[in-house]
Amino acid sequence: MKRHINIYLIFLIVFSGCYNSTKKNIKELIEPDNDGYIPLPENVAEPRDNISNPDKVKLGKLLFYDPILSGNKDVSCATCHHPEFGFAEPLDLSIGANGKGLGFTRKFNEPNHIPFVKRNAHTILNTAFNGIDIQGVYHSNESPMFWDNRAEGLEAQALLPIETLEEMRGDKISEHDILNVIIARLKEIPEYVTLFEKAFKRDNAIDKVNLGKAIAAFERTLITPNSRFDKYVQGDENALSMAEKDGFELFKATKCNLCHNGPMFSDYKTHILGVVDNEKLPFSDGGVDSTYAFRTPSLRNLRYTAPYMHNGKLKDLQAVLEFYEDISNGPSKNNHVPTKHIDSLAKQVNIKVMDMSLIISFLNSLNSEDFDKDIPEQVPSGLPVGGDI
């Protein structure tokens, strides 16, 4: 009798183990694997030397929309980063100085000898999180900026377009002199004198450093930590449709996540892809150190930021996925980039045409319209809000 009981107990233990193992396997099949994806943080880290306050954000917003910061007083930050287009714009290459109009309507004035801005305008949304890793760790004073990671931190990023000929400077003031000219202009406007003093809690607060800090403080308010995907990874199973969930699994299975990972869906590294040159440029853009490497862009809010890639050559998400399908098994699209130089991670991407619509459905779950769309009615300079748009 005792022997029968022992055999029965052994059977129960073995069966229980098999059952638990089977149950675990079934659970893995029916429950999504987020592979470490975490929601975008709801709070932004700030540099120790640029702690935000409401007055600083208010000042930064006015500066962002004020064309007083451009050489010819015709371009503002908002000209190419407008809330109507998700703080980006729908052009492949921006028209900065000596332009008129907004979005698709923007054209160069005649006569013109100012070139196009050589790269597609990144959205400002969520740039406060640039550099964030898969654990959600980042350092705001080291955040990589621009397509070539040439600047660190929003404070540094904010000033570079002002110094660039084709973006905001124009050709009447030298790169060496432009920031001094802008600071002198701001000091002549009593409202700006007061706003800077309130924002930085001291007299004579208008200088280059504080100009960058104020704009950066405003830009750090432009975040969207509330997409449907964020809700999904926080546990709301109903936040995504079945098609979007399937698209997420395909996104990972096809190896898109090798570079597009972390809360911002970017590794913030530079990669060589061999995107065809934009014919509007009189030269071939060699990217980082003429290697044709460019930074992985975020995949958030793609609805607003077409066209895509560093030079805007791919008009929609379908074209982007088809591009990756082509380069994974085919030659480089750019004559200046040997096929052997294409990034090995890009070669691992394995997207099938039949899967593209589901992946695009998933990418749309990363969109959010919950950001500051309010435009100031006027700016302290008295110039047209947003520039010559």
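Each Cβ is built from the backbone N, Cα and C atoms, and glycine gets one as well.
Please treat TrEMBL annotations as automatic predictions, because they have not gone through curation.
For 55-237, the entry in TrEMBL reads domain 'Di-haem cytochrome c peroxidase'.
Annotation source TrEMBL lists heme c 1 binding site at CYS77, CYS80, HIS81. Sequence-distant contacts (6 or more apart, same chain, Cβ under 8 Å) of CYS77 (heme c 1 binding site) comprise LEU63, PHE64, TYR65, LEU69, ILE124, ALA158, PRO161, MET168, ILE215.
Taken from TrEMBL, the feature heme c 2 binding site applies to CYS256, CYS259, HIS260. Over all protein chains present, the Cβ of CYS256 (heme c 2 binding site) has 22 other Cβ atoms lying within 10 Å.
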Compare the C-alpha of HIS81 (heme c 1 binding site) with the C-alpha of each of the binding-site residues CYS256, CYS259, HIS260, and give the closest one. HIS260
Might you list, by sequence position, any residue in that chain lying six or more from CYS259 (heme c 2 binding site) with a Cβ less than 8 Å away from its Cβ? SER266, ASP267, LYS269, HIS271, THR296, LEU345, ALA346
Alpha-carbon distance [HIS260 (heme c 2 binding site); CYS80 (heme c 1 binding site)] in Å: 25
Average the pLDDT scores across the domain 'Di-haem cytochrome c peroxidase' (55-237) and report the rounded value. 98
Row CYS80 (heme c 1 binding site), column other C-beta within 10 angstroms, all chains, value 29
